[in-house]
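As recorded in TrEMBL, the features of this protein are as follows:
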type     : residues : note
ACT_SITE : 376      : active site, proton acceptor
ACT_SITE : 461      : active site, schiff-base intermediate with substrate
DOMAIN   : 70-147   : domain 'Copper amine oxidase N2-terminal'
DOMAIN   : 166-260  : domain 'Copper amine oxidase N3-terminal'
DOMAIN   : 304-708  : domain 'Copper amine oxidase catalytic'
TRANSMEM : 12-31    : transmembrane segment
């Protein structure tokens, strides 16, 4: 009895202790809350720059403009465009609507000389499956279009064959039905080897390009388990489908690969399988090693960024102002992220900075990867910019921007929060010095920069695209890759092309080449291309003429033609590359911006290969060309599926070898990395170390570092450590506040095309 009374007493003591702890915590939270007021969402200090409504000249099309163009095109009876929601290859299909970027001279006249506002127009791509060709049109003016002009020959100087079209959702729909028929004829093999049946499917992944010569549309399709990260679950079965005809009834299977052995027909595979003349794949359940679900329950939130005194930047429509910077932005469905009219202290530094292409070349012994060369702009880089996850893809308090696209859809699609913009403490000082011998003092400045970001998930790979604006007057364009590696089934000889990363799974070696367009306007459009480097020279010492020393010396050159300025990836490149003006700074040096490229690319495809012409931009680390409105992009929508006769061959931009002295210059920059997959790429490739980029740095452009004028500067001297006058950090303890965070939401799965919608 006494023991029970003691247990009861202990129990009630514990309950009272817990209640007291809860009450104490509530009181402490209340006290802390009273000491830490909510941070103001309002800006404490005024912006240094004003928004410019003229930036709308670069703005992506609005939903209303997309609909106006679509309806206008469908009303043109002479164009004979189908109104089917999901197209067939034989349809005349309105595939793409996008902004038609106005001519640069017209824009500059409008922005700088009070010229007329350029006509707003849209580019429209129509696949004429019934007629066997592709057409590009310009529709305008917007809003309320009244004309449509065929610009195909003007842009490409050739007709575009229908075989150059990308595979549409409608064609995929028919392909999946076709593959369903293949599976039904191989029911026994599918069940015994892959446990496939009415309630279990295999997922498909395609080889590109689709064949070996112009006009081909023959695709090797590899099959993967229907699991998380399907790209790293190959099953050892591949099919070559000839779908060249726009009539799906004429499609056929040309070859099959089963466990490393080729077969000429479905019947041949069935016959040898039934006679035990093949090495059979016996189904074995695979662990879910591709899942990105946390292996451990998250226990706490990591460090978060918040704006203690309100955001120091502003976004209005498609225009951003931040400290001394301002720029317009957009997101092309094909090429992705781009900014225009980038200004520092109201001086234009960059007219256009844009992503152009993302290309990968794979190695393998199996057909699904052996010929694969992905050219992502032909699929659509910006097309796959989905909603960004708050607090993971971008800081929680970033500004988020919606975008609209019209590509292979019956109506424009909204992509919520697909761009983010935020100011970021880069984690190190921009500059600093501690003076410990004389004039004891500390001077430094945090490296706070503005980041403009989107992330595109193109099949297996996710690319994170960043444009970063520093207070030193530098701009950086960079990319990081993540997502899943492409893999193939491990067969004899496969380890020459990668590493084994899972049971019977080869991570295939591949390159990542990224091309950026950098249209720098350094104090106008009359610029030069210069290089600077060093060499050692043997000089006699002035005070000891008979003694010599090797001393580094500055070497400067001006490259005067496009061929001279096409710097190949396999040759030694000068370390300093400059777009320069003929104006000088206070010290008599030409004011310029330097192109500093960070790249770890593999080797470019040999030029002897027919496919190389479609990626000829990758021959060059940097290529400088004279600006032409007709040389808008380094690649095209049609490069992937007519890779042997590309509509845009970048090397032709250089062949005419025009002068680049005192001209409007464009730099085409190639960066990237070689990827030899390894076990740590399972389940997911990490961004760390997997990327590249280009930094645009002022070089004698200013008389001194412009960040010295930033209010972020900190200066300490003996006796002034606690003063807020030149050290805002000293005030933080008295002015701390807690951020006001809006609830987490995510709608990125809304509207995503699901497999069951295709079949």
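Keep in mind that glycine also has a Cβ here, set from the backbone N, Cα and C atoms.
Assigned with DSSP, the residues of the domain 'Copper amine oxidase N2-terminal' (70-147) fall into helix, strand and coil as follows: 17 helix, 26 strand, 35 coil. Cβ-based neighbour count (10 Å, all protein chains) for the residue listed as 'active site, schiff-base intermediate with substrate' stands at 23.
Across the structure, the residue listed as 'active site, schiff-base intermediate with substrate' and residue 376 (active site, proton acceptor) are spaced 10 Å apart at their Cα atoms.
DSSP labels the residues of the domain 'Copper amine oxidase N3-terminal' (166-260) in these numbers: 31 helix, 31 strand, 33 coil. Summed and averaged per residue, pLDDT over the domain 'Copper amine oxidase N2-terminal' (70-147) gives 96. Proximity of the residue listed as 'active site, proton acceptor' to non-local residues of its own chain (separation of 6 or more, Cβ distance below 8 Å) is seen for 357, 358, 359, 458, given in sequence order.
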